[in-house]
Amino acid sequence: MGIPVFVFAGLLVHCVFLASIFDIYFTSPLVHGMTPQQTPLPPPGKRLVLFVADGLRADSLYELDSNGTSRAPFLRSILENTGSWGISHTRVPTESRPGHVALIAGFYEDVSAVAKGWKENPVEFDSIFNESKYTWSWGSPDILPMFAKESEDFGAQDAAKLDTWVFDHVKSFFNSSRSNQTLYSALNEEKVVLFLHLLGIDTNGHAHRPNSREYKENIRKVDEGVKEIASMLENFYGNDGKTAFILTSDHGMTDWGSHGAGHPSETLTPLIAWGAGVNYPQRVASQFFEDNFLKEWKLENLKRLDVNQADIAPLMASLIGVPFPLNSVGTLPLEYLNNSAHFKAESMFTNAVQILEQFKVKMTQKKETTLSFLFTPFKPLSDSEQINLLKKTRLYIQQEKYDEAVSLCKTLINLALEGLSYYHTYDRLFLGLSIAMGFVGWTAYVILVIIKTHTNLTKAAQSHDKESTILLYGFAFVGLIIAFFLLIQTCPWTYYVYCLLPVPVWYAVVKELHVIQDLAAYLLSLPVGQSMGFLLICALGIEILVFSFFYRSTLTIGLLVFAGWPVITQLWVQAKTTALIWILLCMLLGIFPLMPVVGREPNIPLVIATGLLTLLISCSSLSSLCKSKNKYMNNEDLKVQFYQMLSIALSTYVVSSTHDSLQNKQGLPVFNQIISWTTLVSSSVLPLLSPTFLFQRLFSILLSLMSTYLLLSTGYEALFPLVLSGLMFVWINMEQEALQQYGLSLKPKLAVFNFSYATDIMQFRQLHLDDVRRSFFFVFFIVTAFFGTGNIASVNSFDPASVYCFLTVFSPFMMGGLLVLKVVIPFVLVSCAFEAVQVTTQLSSKSLFLIVLVISDIMALHFFFLVKDYGSWLDIGASISHYVLVMSLTIFMMLMNGLAQLLTTKKLELSRKTKHHST
Ligand SMILES: [Zn+2]
Ligand SMILES: [Zn+2]
């Protein structure tokens, strides 16, 4: 296989692997084609008023102020005297959209929304609003277009005014109906829903945090507004007792003003219901909950009725007698109902049949697309069992054994929900195995290519035309059979890709059978302990890398092992000083992953100190260069280094003065901004002007990148590139020593090693087992460069303070670009060092790169099975980005490799006359 074909095949295989997770993990659980189910008895209410106070925490509403009074006196009196209350438990992601979907449609938004974007409605769904006769809604333009029939938007700026706007508009709407006959009669119909979305509390919470006066004041405003609306409506409808009210929120909010994840402050939301059909407060002597809320809120004697967020939709449906939303998975919270036992049993039965409908549709779909002998049905809920349960329940209701009927319905609901999730993940194992087959095959193939082309393990290639033709036909036949099976099961076209891909990949592997035989022979010739030990170390190394994606501190363990490397391999004896520095720097670098994620604790003095330290180091290097009267340096080169030191000094000054000025609220001085941008531009050019001798060039790259990195730092992370590159310098030396130890003593003198001429004179050698370690070190350092100071989450939610030296006006594009630069700088340092290691150990970059490819593919296989389709958006997002990150690691390292080659070998001349460096 030629190089272009190999690269193309590699890209194709990785693209398929990448895309596959969206078919395997992120598919919509919704089904269509169910019959709507409605309770046959007359409903208690004619209309429902739903207040959603966006971002309102349960405790913020229920708790009492320091003087023992409630900040929502009207709602407090409702739950004490006329209504029912509890906590509604939301699911992660605690965002507005999934929260509202759960409230009004009764299902938890599926993760396929990840793949399809947010604003649009990725899936069609049925809600309380659809089922109602009329729905009027008021509120934020973000929420309403998702499901509103009639809606009004607002554009108010002041957060609490968002809510008064809604209340005012509802009032004037009802006033206007008195002179509008059509509207008036519509409002007096049955099955009417009024939805008031109150965004003020969420906005104030984000801006001022939930403990602020603003957030609490806003709750007071909402309470007043709800009171006015309630009394206005009672008046309008002449106290007909046919209006049901529900107040809840879509999600809570953390103490620091965010939501999205699964902290109790985000998932616990209030639920207060009153009016038509809703139960009165139930006084109890004592009630048990694991949390201490009842005591804190002084509500021990009023029965607390907790629900899951999706249960609210069936509650609303039964209050005004509309069909339960078709995709709802909620269970009707009976204790909220003030109605006959017969009504409750009938409603519960409706609920069970409605969920069972979904199960039946889902099962039929799966059955139709699976060969009958391959189909494994969900045993606990077979057709006969369904009929049996339904019959029994009917009978109980006829015999007026309502409690028995209700408990049977609950069993049925639980079974149907289990079955739904069973059929939803039905294909997951089979597709996952297909992809894993492809992964393993591809990795095996790359290993064979490495052995074949870069080692002398294999004998001359044999060619058996006849055998390979038979092989080809054999694999083609297997492919046809697979395609046939997929065809008769009417699988989507993507399934063909996932299932057929392993065929050519494994064909390529089996074709290299003789290499496998030679490899096996070689491995068998080694002592068993040695080969097993090697495999064990490889496996351990990769596990450490995988773990470091989740726990940064794993990197510290890895670095400690690295520190022990010279001791284990006896390099220690050979080069005591170098080994000692190596051990020290490994331990020093190991401190960084233990520190908190960047940006949490700004420490500008530390950044300034780092700048001064860098300056000190470069001064001492300059003076030692001058003292030794290095014959390879000329004035021009000294000038370049002087400029670089100057830019470090300037960066340090800019960081200090910018943050001073920002602290005094004087904004970013223009002079500082100019210096920052000039430094950024010059740092990409200056290294290219310095001599191409190994250490001088690498040092120059470090100085340039450091001056930019300082400008982007706000804390301890400023030290990170400095320590990292210290370790990289020692690494280059250590690899030289290691080379000697393995008897490859053709080593070039590092002090006079020149990047520019390296590739011309060098004879590439064959790969050695130790080169696997070398590649692993590189991958490990790359991962350290990424996770040393941050994690995936810190990249998602970065701190704008780190770009304040460049701009203070919010600009996502610029800020994002600068952040990427900050992340990339440590990568460049590691890549340049690796480039140096490659050339000084006489390896072609291609051979080492193939080993890196194998390592990252094995990691990718791990992350493939670790992709999550549940949890907060942050968890799901992190699991996807781990996978994407590892998949793109190879492409990224290829780019970095090119950049490093450019940075180390290219030399620009300032003056016209050509200079000749004597070598
Ligand atoms: Zn919200
Ligand atoms: Zn929000």
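Quick reminder: no glycine exception, Cβ is built from N, Cα and C everywhere.
A TrEMBL annotation is a machine prediction, not a hand-curated record.
Sequence annotations record features per position, and here TrEMBL assigns domain 'GPI ethanolamine phosphate transferase 1 C-terminal' to 418-872. What TrEMBL records for 429-450, 470-487, 493-510, 522-549, 555-573, 580-598, 668-689, 718-734, 775-793, 813-836, 848-868, 880-903 (among others) is transmembrane segment.
Taking every listed stretch (470-487, 493-510, 580-598, 718-734, 775-793) in turn, the largest tally of C-beta pairs under 8 A with the transmembrane segment (555-573) is reached by 580-598. Residues 538, 541, 544-545, 548-549, 552, 555, 558-559, 562, 589, 592-593, 595, 597-599, 716-717, 720, 724, 727-728, 731, 823, 826-827, 829-831, 833-834, 837, 848, 851-852, 855-856, 874, 877-878, 881-882, 885, 889, 893 of the same chain sit 6 or more residues outside the transmembrane segment (775-793) yet have a Cβ under 8 Å from a Cβ within it.
With a cut-off of 8 Å between Cβ atoms, the residues of this chain six or more beyond the transmembrane segment (880-903) that come close are 10, 14, 17-18, 21, 114, 549, 687-688, 697, 701, 782, 792, 827-828, 831-832, 834-835, 845, 849, 852-853, 856-857, 859-860, 863-864, 866-867. Fewer than three CB pairs closer than 8 A are found between the transmembrane segment (848-868) and the transmembrane segment (493-510), and contact between the two stretches is not assigned (pairs 6 or more residues apart).
Contact counts against the transmembrane segment (493-510), taken as Cβ pairs under 8 Å, peak for 429-450 among the stretches 429-450, 522-549, 668-689.
Relative to the transmembrane segment (813-836), the listed stretch 718-734 leads the set 429-450, 470-487, 522-549, 668-689, 718-734 in CB pairs under 8 A. Residues 636, 640, 643-644, 647, 650-651, 654, 657-658, 661-662, 697, 700-701, 703-705, 707-708, 711, 804-808, 821, 903, 906-908, 910 of the same chain lie 6+ residues outside the transmembrane segment (668-689) yet bring a C-beta within less than 8 angstroms of a C-beta in it.
Looking at the domain 'GPI ethanolamine phosphate transferase 1 C-terminal' (418-872) alone, the prediction's average pLDDT is 82. Counting only same-chain residues 6+ beyond the ends of the transmembrane segment (580-598), those with a CB under 8 A from a CB of the stretch are 548, 552-556, 559-560, 562-567, 714-717, 719-720, 723-724, 726-727, 730-731, 734, 784, 787-791, 793-794, 799, 802.
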